[in-house]
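Worksheet: one structure, shown below.
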Amino acid sequence: MKALSKLKAEEGIWMTDVPVPELGHNDLLIKIRKTAICGTDVHIYNWDEWSQKTIPVPMVVGHEYVGEVVGIGQEVKGFMIGDRVSGEGHITCGHCRNCRGGRTHLCRNTIGVGVNRPGCFAEYLVIPAFNAFKIPDNISDDLASIFDPFGNAVHTALSFDLVGEDVLVSGAGPIGIMAAAVAKHVGARNVVITDVNEYRLELARKMGITRAVNVAKENLNDVMAELGMTEGFDVGLEMPGAPPAFRTMLDTMNHGGRIAMLGIPPSDMSIDWTKVIFKGLFIKGIYGREMFETWYKMAALIQSGLDLSPIITHRFSIDDFQKGFDAMRSGQSGKVILSWD
C-alpha cells in the first residue's frame, strides 16, 4: 500500500510502498479516506531536535484521520464493517494506575500513532478498537479528519468554567483558533487571541473571535480597556509555548485566574514567579484528549452549531502531499487535508 514515511534521518517525507498492517484480535483495520497534517508532522518533516530523539526511522507518520472500518479483530465488539471512524492517537497500556482509575489520558506508558508506531498517512491503518471513535452521520469527513487537534483545543478550552468569563488565548495556530472558537461558543464573554502572524489572526476573525490582536502592532492593555475589562483575564489558554506570550499572559491575568497550558515552552524558560504566587494563579498542564469524554464533547459542539469550516484552508490529493507540507511550513495556512480516495 502507499504510505508517507520518514525514511532518512534528514529533512523530508517520502512516498513509499509498505505492507498492509496485520490485524490483531482486538484491532480494527481502517481504510483511510482523509488525513490532516499536524504541527508534529512538520517537526518530523523538518527533523528537528525533538524528532531526532523521538522518531525511529523508517516510520509511517501521521495521526489525524478519518476512514472506514474494513476489518475487525475476532475479539472486537461494537463495530461493523463500513463504520466511519476517527481515533485516539495515544495508545495506552490499560494496566497502570491512571488507566485503571479512569484517567486514561494520563497513562505513563502512552505510545503515539505515527510517532512510536506506524501512523495514518497510509491507505490502511490498524489501531486497537478501544481507540476508535464512530463519527456521527451529520459530521463531514473533513471535520472528522481534524478531530485529533480539535480535541486538543476542546480539552484545553473546557478545562475551566468559561461562562461569562474573559478569556485570553495566546497563539493563533489552528488549535489556538479552535480553542478560542470553543470558548466563545460555550458562553465566554470576551475571547481575545494574540499572535504576530496576520494570516492566522484573520482566520481567527473569520471564526467570530471577539478580538484578534497582533501584539507587534497593538498593546494588549489597550485592547482590554477597549473591551471594558478592568481586572484582567479570568482564564488563559497558552497554546504555542512561547515565553514572551506566556509572560504577557501572567501580566494580564486577574487574581485567582486559571491557565491551561498546551504549548511546550523551552526547558529553560524563566518567568516572574511572584505573579503566579501573589495573584494566586492556577496552572494546569494539558496533554492530548480526555478519553473519551473529549471526543463526545467534540461531536456535540459541532452538532450544536460550532462552525470549524474556516480553519480548513487547503485540500490536496495524497499524490500532492509535498504541496500540503509546503503550505503548512509556510505559516500561511490553517489545517491542510490530504485525500486518499
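Each residue, glycine too, has its Cβ placed from N, Cα and C.
Of the residues proposed, I175, I302, I312, the one Swiss-Prot records at the same NAD(+) site as D195, R200, L262, G263, I264, I286, Y287 is I175.
Distance from the CA of T40 (active site, charge relay system) to the CA of G263 (NAD(+) binding site) is 12 Å. Proximity of R200 (NAD(+) binding site) to non-local residues of its own chain (separation of 6 or more, Cβ distance below 8 Å) is seen for A172, G173, I177, G331, G334, given in sequence order.
Taking the Cα of I175 (NAD(+) binding site) as the reference point, the closest of the recorded positions T40, C93, C96, C107 is T40.
Around Y287 (NAD(+) binding site), taking its Cβ as the centre, 14 other Cβ atoms fall within 10 Å, counting all chains. Counted over every protein chain shown, other Cβ atoms within 10 Å are most numerous around I175 among the binding-site residues C93, I175, I286. Sitting within 8 Å of the Cβ centre of C93, C96, C99, C107, and not among those site residues for Zn(2+) 2, are the Cβ atoms of T92, G94, H95, R97, N98, R100, T104, R108, N109, T110. The Cβ of I264 has fewer other Cβ atoms within 10 Å than any other of the binding-site residues C38, C96, C99, I264.
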